[in-house]
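What follows is one structure encoded as structure tokens, with my remarks underneath.
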Amino acid sequence: MTATQDLSHQAGPTGSRARIAISTAFFVNGFGMGSWTPEVPIIGARLGLTEATYGFMILIFGLGAVMAMPFVGAMIARAGSRPVVIATQIAFAAAFPLLTLAPHPIAIGAALFLFGIGLGGLDVAMNANAVSVERRLDRSIMSSCHGFWSLGAFAGAGIGGSLIDLFGPVGHTSLVGLFCAGILLAMLPGLLDDRALAEDRPSSEEGARESWRSILSRKRKPLLLALVIGVIALAGFMQEGVVIDWSAVYLRSELGVSVAASGFGFAAFSVSMATLRFLGDRIRDRLGAVRTVRLSLLFALTGAILLAIAANLSMALAGYLVLGIGLANLVPIAFSAAGNVRGLANGTGISIASAIAYSGGLIAPSIVGLVASAYGFSTIYLALAIIISAVFLSAGILKGADRESGH
């Protein structure tokens, strides 16, 4: 019996309960990120941070997240994703209040590093668990899980300001930490134990006889595949980052819209992306991962071209709306494919893909700023169209996302 068969027959929560539990973990992760957003200007004002210092602090947060990912992948390979989801969610819930208690920039940097470890580690663990739930259910759930992340981020950012007004910054972060800890307790019974997926690890006796060189030789192709999938995920993260970080600047500087309207681009993108993520699993189960990605990327290509040639706000909003439709399911499907790379232990493929995607996501915004200042945003969106075309041509690599679905 294979590990996947073991997983589908083992005692534990039903597939539907496991899906609810891991969807909740995605919501909590997004809620944490969204809750952090309204705290940023308050912390900056309290500590007198300059824009340069703030940028460095964000880099520290990103480094914590990226550095945690390979270690989390190794932990998942040994113990399954369930205990790692629990540990990283506890770390995140504990670190969040420290952000508002830190008395000086060095302390806030340390708190951000821990916060990054918790959220980055949770990101890998919950994606790995979602892949295991997909195997148990024999159908796709990854896109809707990422939809719940978007919903959580929207909720965290939406109510964060009101909670700060009511309870203050420390009260807000403490409530968020307690909320996340309480959610963890509620979802524990349903969280899937996927230790059976440690099928790819050799026994200790085999490991003792096998050198590191032979291990790397045997794993070369799976590792290379995970790396390439990570680059595809990076392409998705980068384009999302361009919209998040630069859409308002583009609308203001190149189309001359008002301050009030400058956020409409991101809003249009977010709404279409969240909607298509909740629909994405059904589409993927019907069409298969590769056809879903290629069809989606045709929308993304159209959106990028519309943004490159946009002459007014209406045309730009149409571009952002269509771009959100096209990009909604690229990263979820890439993570499903990374989690199903044959020859790699459970969690390893996702940790590799996540580290690559997030590392690039840290660097891309600054590169976009430099290029846009020299050549304008039309060049940026034309470059995105070229990247989308390259991903379209290489989408066959993502066929492993359907490993358990039979497409």
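Residue 1 is the first one shown; counting continues down the chain.
Heads up, the Cβ atoms here are built off N, Cα and C, so glycines get one too.
Annotated domain 'Major facilitator superfamily (MFS) profile' per TrEMBL: 18-403, in sequence order. Look at TrEMBL and you will find 54-77, 84-100, 106-126, 147-168, 174-192, 222-239, 259-280, 292-311, 317-338, 350-374, 380-398 tagged as transmembrane segment.
Counted over residue pairs separated by six or more positions, the transmembrane segment (317-338) shares fewer than 3 Cβ pairs under 8 angstroms with the transmembrane segment (84-100), which leaves the two as not touching. Between the transmembrane segment (350-374) and the listed ranges 54-77, 106-126, 174-192, 292-311, the one holding the most Cβ pairs under 8 Å is 54-77. With pairs at least 6 apart in sequence, the transmembrane segment (259-280) and the transmembrane segment (147-168) have 3 or more Cβ pairs within the 8 Å limit; the two touch. Cβ atoms under 8 Å from those of the transmembrane segment (84-100) belong to residues 22, 25, 28-29, 32, 35-36, 39, 42-43, 68, 72, 75-76, 108, 111-112, 114-115, 117-119, 121-122, 124-126, 128-129, 169-170, 172-174, 176-178, 180-181, 184, 188, 191, 347 of the same chain, restricted to positions at least 6 beyond its ends.
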